[in-house]
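To start, the structure itself, in structure tokens.
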Amino acid sequence: MSLQMVTVSNNIALIQPGFSLMNFDGQVFFFGQKGWPKRSCPTGVFHLDVKHNHVKLKPTIFSKDSCYLPPLRYPATCTFKGNLESEKHQYIIHGGKTPNNELSDKIYVMSIVCKNNKRVTFRCTEKDLVGDVPEARYGHSINVVYSRGKSMGVLFGGRSYMPSTHRTTEKWNSVADCLPHVFLVDFEFGCATSYILPELQDGLSFHVSIAKNDTIYILGGHSLANNIRPANLYRIRVDLPLGSPAVNCTVLPGGISVSSAILTQTNKDEFVIVGGYQLENQKRMICNIISLEDNKIEIREMETPDWTPDIKHSKIWFGSNMGNGTVFLGIPGDNKQVVSEAFYFYTLKCAEEDMNEEQTTFTNSQSSTEDPGDSTPFEDSEEFCFSAEANSFDGDDEFDTYNEDDEEDESETGYWITCCSTCDVDINTWVPFYSTELNKPAMIYCSHGDGHWVHAQCMDLAERTLIHLSAGSNKYYCNEHVEIARALHTPQRVLPLKKPPMKSLHKKGSGKILTPAKKSLLRRLFD
């Protein structure tokens with residue numbers, strides 16, 4: 001396992017707890033921003049472009065026949081294929097919170113209709129349900145099972161607002177566990193059926209779910225009514241004959257106590273559980289490997305990554321699965337820093353090599369997120385606010401109008417460059433040197449020629465000097481170009497010209513005696 005810090009170059013304020021990631025053929029897309037989408041990206045779906053540990057959010061568009069998709073946080077998502085022979089997969093999105101703190105009960109289907117080198121076009125359709133329609137909720141799971149050549153969605157758990165009869169002004173946003181019912185959803189006909197299984201006694205939220213073929217495994221979760229994270233492990237099997245479906249549940253030993261964990265798949269029959277919480281405001285630093293073979297499940301601990309001190313000491317963390325055995329993690333920024341971001345992000349690679357497409361054919365899992373019960377909840381007014389960086393949507397900036405230069409090679413730009421022959425800034429070993437640094441080294445611009453960036457530490461600049469140069473508008477020249485700059489800007493010393501003194505000609509009575517030669521010259525001039 002390898003942990004690496006990444007920097008987000010634009011609109012970092014949109015990435016907040018509760019987002020989801022979707023992986024289409026190796027391309028990762030971000031969904032569930034904080035706040036409503038802006039005019040320049042009304043879809044609220046972005047390509048999460050990661051290059052050289054640098055992340056860019058690039059806007060995507062929807063086809064004309066798409067429905068509107070609000071930015072939903074803490075929804076349930078999973079991949080879905082209409083049939084086993086289908087090469088393309090879709091994403092199912094259900095529930096979640098809107099920026100107004102309203103809960104959704106709708107089902108959306110996301111698919112790609114056009115993809116080129118510059119932009120991806122999605123189609124989003126809304127599925128109308130009839131029958132036992134699941135109530136609006138968040139923090140639940142949805143998976144797809146395949147049996148006898150047919151497929152069916154399975155929805156379980158989550159939280160919902162208290163009934164309107166029990167909601168008061170003081171407890172308007174109070175939530176409760178949903179009933180422990182299992183819903184089967186037919187995506188083709190839009191039918192939903194509720195099942196009550198005696199093995200499922202408590203409503204669970206932010207659990208981990210794994211689907212393979214006709215079986216779903218439910219691990220952990222948080223019971224809001226009891227405020228516990230029981231070490232649950234349930235196996236739900238769905239049989240889809242020609243008649244009515246058959247659903248049965250079995251309680252298995254060997255469960256784990258965890259909520260809000262992130263699940264990623266490392267190979268065909270193996271998964272890794274990362275993050276989550278084991279107690280109130282106590283993170284679970286242990287990682288587990290889950291093996292599914294011969295209709296059996298095995299859970300065992302694995303070697304944990306080398307967590308950074310910032311991750312160890314933070315009270316909360318959150319993230320989502322990027323696919324191919326990689327997890328995207330976020331932690332709160334350090335308010336003690338002079339310049340501090342709201343969150344800092346990491347990528348954790350749990351697999352040495354990328355999986356091929358066949359290894360993810362029959363597997364679906366919940367998109368796990370940070371449990372809102374484990375952190376300070378957002379106020380209603382916060383949901384409408386964008387930071388200054390988020391407001392960069394407005395105007396004719398690079399983000400508003402898609403720039404074709406975005407696809408150029410960025411290997412020689414950014415903070416991780418070799419700025420001089422003696423540059424010792426290494427992306428793998430770099431640690432903050434100045435008090436104003438945290439996740440990227442300080443740089444200063446050299447004005448020689450077309451200009452270039454150099455690391456302040458490599459230039460042996462004192463922090464006071466760095467701040468002084470950054471605050472002013474004076475030109476700066478790096479160590480390699482300072483002598484050239486002096487030669488160009490300092491004029492060479494030139495000796496002053498020797499001019500003979502001019503002697504005044506004095507007339508008679510001036511107190512000076514004229515020589516005979518000067519008298520003769522004067523006579524010629526005046527005669």
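Glycine is treated like the rest: Cβ placed from N, Cα and C.
Per TrEMBL, the features are:
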- 357-380: region 'Disordered' (REGION)
- 358-370: compositional bias 'Polar residues' (COMPBIAS)
- 371-380: compositional bias 'Acidic residues' (COMPBIAS)
- 414-491: domain 'Recombination activating protein 2 PHD' (DOMAIN)
- Cys419, Cys423, His455, Cys458: Zn(2+) 1 binding site (BINDING)
- Cys446, His452, Cys478, His481: Zn(2+) 2 binding site (BINDING)
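Recorded features from TrEMBL, shown on the structure.
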residue : record                : Cβ contacts under 8 Å, 6 or more apart
Cys419  : Zn(2+) 1 binding site : Val425, Met443, His452, Trp453, Val454, His455, Cys458, Cys478
Cys423  : Zn(2+) 1 binding site : Ile417, His455, Cys458
Cys446  : Zn(2+) 2 binding site : His452, Trp453, Val454, Tyr476, Tyr477, Cys478, His481
Counts by DSSP class (helix H/G/I, strand E/B, coil) across the domain 'Recombination activating protein 2 PHD' (414-491)
17 helix, 8 strand, 53 coil
Local confidence of the domain 'Recombination activating protein 2 PHD' (414-491) - pLDDT mean:
78
Let me know the most crowded of the binding-site residues, choosing from His452, His455, His481 and counting other Cβ atoms within 10 Å.
His455
Cβ-centroid neighbours of Zn(2+) 2 site Cys446, His452, Cys478, His481, 8 Å, sequence order
Tyr445, Ser447, His448, Gly451, Val454, Tyr476, Tyr477, Glu480
In the same chain, which residues outside the set Cys419, Cys423, His455, Cys458 have their CB within 8 A of the centroid of the CB atoms that define the Zn(2+) 1 site?
Ile417, Thr418, Cys420, Thr422, Asp424, Val425, Val454, Gln457, Met459
